[in-house]
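Undergrad: Can you keep this structure in mind? I'll have questions shortly.
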Amino acid sequence: MSSFSTLVDNLSFRDSDRESRVSQLSRAKSYASTNATSMTSISGDIKSQLHGGYSHPLARAWQADRQLTKSMLVYPLFITDNADEITPIPSLPNQSRRGINTLVPFLTPLIQRGLRSIILFGVPLAPGSKDALGTSADDPKGPVIASIKLLRRAFPDLYIMADVCLCEYTSHGHCGILRDDGSLNNAMSVDRISDVALAYALAGAHCVAPSDMNDGRVRAIKLKLIDEGIAHKVLLMSYSAKFSGALYGPFRDAAGSVPSFGDRKCYQLPPGGRGLARRAIQRDIGEGADAIMVKPASAYLDIISDAKELGRDMPIAAYQVSGEFAMLHAGAKAGVFDLQEIVMESMQGILRAGANIVVTYFAPELMGWLDQ
Ligand SMILES: [Zn+2]
């Protein structure tokens, strides 16, 4: 402040012309008076004054386009074929593989606290449960179909999503049916994947979500749902933009779905492939997807934003994958940041990018944090 008073004095002394001196003096005083409210506003520009708009916690919350709500959250569950099993997954803190008999007691308190939706992944572990065609994926007595039926009865208001893929069920661990040379047979894979999706929908899943990335599977699933007369009550969510990369390690531990040879780079997107992701999103919208998923989330916020732009009239989901979850836990454990704070910040980023559905292993914690 003293420097501004000095400036005002200097101006009045330096100028010998009286009129000019008065005008400069009054302008300088007006700068000084604006300056009294903010040191940054030497120009006197009123648009520079932002702090008042977010000084109160509620006003800070209003700065977001959308607030995270419990209904945006989907909790992934790994269901084994061993009915009473609860096996903690070491690489995914606080997460377990569960048998069907443990689901209702586990989910009851979460649903009471506001959990609205889950997504099921089958993890068959019994000897002989895997083959080249992924036959057990739509076994009526398999863990996913049995769980869908049970949860529909036990929790009539719970929204049940079923991940649709073959990799948990194939002996080779790939997301489709293979040719002799080990490459994906797209036509056979799409036929099989769409059969599995139909079976989950007929069992009562509200949403089927193909994560296999075979070309043309969204259209094939939609046509089978239409043929069966249930397309009007099943949401088809496509994992349109599923990138290959290093963030799925803990999931593969959990689901036992590591490929026995090769990797998934032929069908999952390359991390730099933004244009490819845009084409996949547009294709799946054209093939009848009702919602679009981007996976992983945090390293692909631009893709979420692209999905929102290309699919502006549909829900956009983001999957905060196992590696992101494990990374935030590890950082918090190492004292890098507070877990709740970093998770809320990551959610803000995902929402800001354009998602309005977030699949996350933090759903149970978020039920509590959103009550605060
Ligand atoms: Zn898969």
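Placed from the backbone N, Cα and C atoms, the Cβ positions cover glycine too.
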Undergrad: Of CYS175, CYS207, which one shares the Zn(2+) site with CYS165, CYS167 in TrEMBL?
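TA: For the Zn(2+) site that includes CYS165, CYS167, TrEMBL also lists CYS175.
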Undergrad: Nearest to CYS175 (Zn(2+) binding site) in three-dimensional space, by Cα, is which of the recorded positions LYS242, ARG264, LYS295?
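TA: Closest candidate to CYS175 (Zn(2+) binding site), judged by Cα separation, is ARG264.
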Undergrad: Using a 10 Å radius around each Cβ and counting other Cβ atoms from all shown chains, which of the recorded positions LYS242, ARG252 yields the largest count?
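TA: Of LYS242, ARG252, the one with the most crowded Cβ is LYS242.
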Undergrad: Does any of LYS242, ARG252, LYS295, SER322, TYR361 have a Cβ within less than 6 Å of an atom of ligand 1? These are the recorded positions; tell me which, or none.
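TA: Correct list: empty, so none.
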Undergrad: Apart from CYS165, CYS167, CYS175, which residues in this chain have a Cβ no more than 8 Å from the mean position of the Cβ atoms of those residues at the Zn(2+) site?
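TA: Going along the sequence, the neighbours appear as GLY134, LEU166, GLU168, THR170, HIS174, GLY176, SER211, ASP212, SER257.
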Undergrad: Within 10 Å of the Cβ of CYS167 (Zn(2+) binding site), how many other Cβ atoms are there?
TA: 22
